[in-house]
């Protein structure tokens, strides 16, 4: 290895804070969510009462559905899930899914039905074969679908993205239908609901969309459909607006916590992104019962952001090593190990973890021990990356991912979400499984790492950073940065296939475990698809406005 380059001296670390970097723009939201309430707040009690009535009305519709009317039943389940209502009907939907899976007596020549059935079952954990699409292939390599049957074309395109390795028929379906949908889009009225659906799918296939954002965007489209169910539509609007009220209360709480953290710790150099971090984590745990998960996740993400900025940008190597030594002690007595500017943050971090235990109560406070273990491992890996940086060491891609797929925080995030869940199916065994960093979680971690690196490498190459996976791939294969980024995008695509295959093979775990990992993947894809939206958060402003500021008109 090369000898370590000269780094910033920590001589004055106890006397002054690290200087703020001009890289990070200030918060776009300031104190907005400390005081904001959506205009629907005064009607909350009436909204809840009406929503309860509608939920039971829709439940009757769902209970009246049978596989004898398969197209209608499949479409109803898909609609409820897209509108963000699936959570309320898990038992009814699970029963119907089993019947749909077991019933092979359906019209296998109906491309729309075949596509929707395949999509629905694979999305919900059924390993159905893809050869159901072979009969639709033409001699020219395309798929038989009448030019006017645009709905079937779109359904096939979205279904094909639930693909596994080696499923050539789905590879071909994607390439064939994408071209036809792109051509179709040019002939549709841009503002028509179907044009919006096609455009959304070409940008992000249905399976990869963030659930709560999809609900917000799909409700106005569903409202225009001739076959809409009025009770379902009204419930979807009320449900979203009620969730928005909860989200704003949680944002107020998290914003107040963050402001106190920064004011007392005086760490003004870190990225001020608590609203964006809540938005990101909300995308993984948006269902109504997961309020505590959203709060824990947001605070953990805030803590990780501070630690990451200390290690990656502002702290000296010596200071970061001192922090790592103190971190695992989880005790105020360890502050003597720290430079002055880290001491207040360390105390506030301990108080935050204690607040998690208090919120969980005696029966579930044990979960915080697992969360602490995940965070200890994260900081340990940060120190390894600092050593690589100081030694100018560029690992191979495989060696890098052995560390960085975990140091991206995959375990800390999954354990944070599981910790806050009221679901008693989350047990000690669930946490022990997650902390063992099984292949499914490792693949998710690699996905997050690669997604982050491919959009942040060019920005970070001008600073004193550890080499990214992009740099590792460039050196290992002797190619340009642009070529390496294209290859990494292929690896990201492969990660979706890997995660699907691995999730279908999982046994003995609560259903929420793989669901959560996919929801994390979706919200991460939304954050990093075209840009690093956490660091440069202007791209998120409109989405945040839609989710947390603007109610859906009734």
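Including glycine, each Cβ sits where the backbone N, Cα and C put it.
For reference, Swiss-Prot has these:
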BINDING   308, 312  Mg(2+) 2 binding site
BINDING   308, 312  Mg(2+) 1 binding site
BINDING   308, 312, 449, 452  substrate binding site
BINDING   452, 456, 460  Mg(2+) 3 binding site
MOTIF     308-312  motif 'DDXXD motif'
Can you name every residue in this chain, apart from 308, 312, 449, 452, with its Cβ inside 8 Å of the center of the Cβ atoms of the recorded substrate site?
404, 407, 408, 453, 456
Are there residues at least six beyond either end of the motif 'DDXXD motif' (308-312) with Cβ under 8 Å to its Cβ atoms? List them, or say none.
18, 267, 269-271, 319-320, 323, 342, 382, 385-386, 465-466
Can you give me the same-chain residues 6 or more apart in sequence from residue 456 (Mg(2+) 3 binding site) with a CB-CB distance under 8 Å?
468, 532, 535
Separation of alpha carbons, residue 308 (Mg(2+) 2 binding site) and residue 452 (substrate binding site) (Å)
14
Rounding to the nearest whole angstrom, report the longest C-alpha distance spanning 308, 312, 449, 452, listed for substrate.
15
For residue 308 (Mg(2+) 2 binding site), what residues in its own chain, 6 or more apart in sequence, show a Cβ-Cβ distance under 8 Å?
382
One finds that other Cβ atoms within 10 Å of the Cβ of residue 452 (substrate binding site) number exactly 20
Tally every other Cβ atom lying within 10 Å of the Cβ atom of residue 449 (substrate binding site).
25
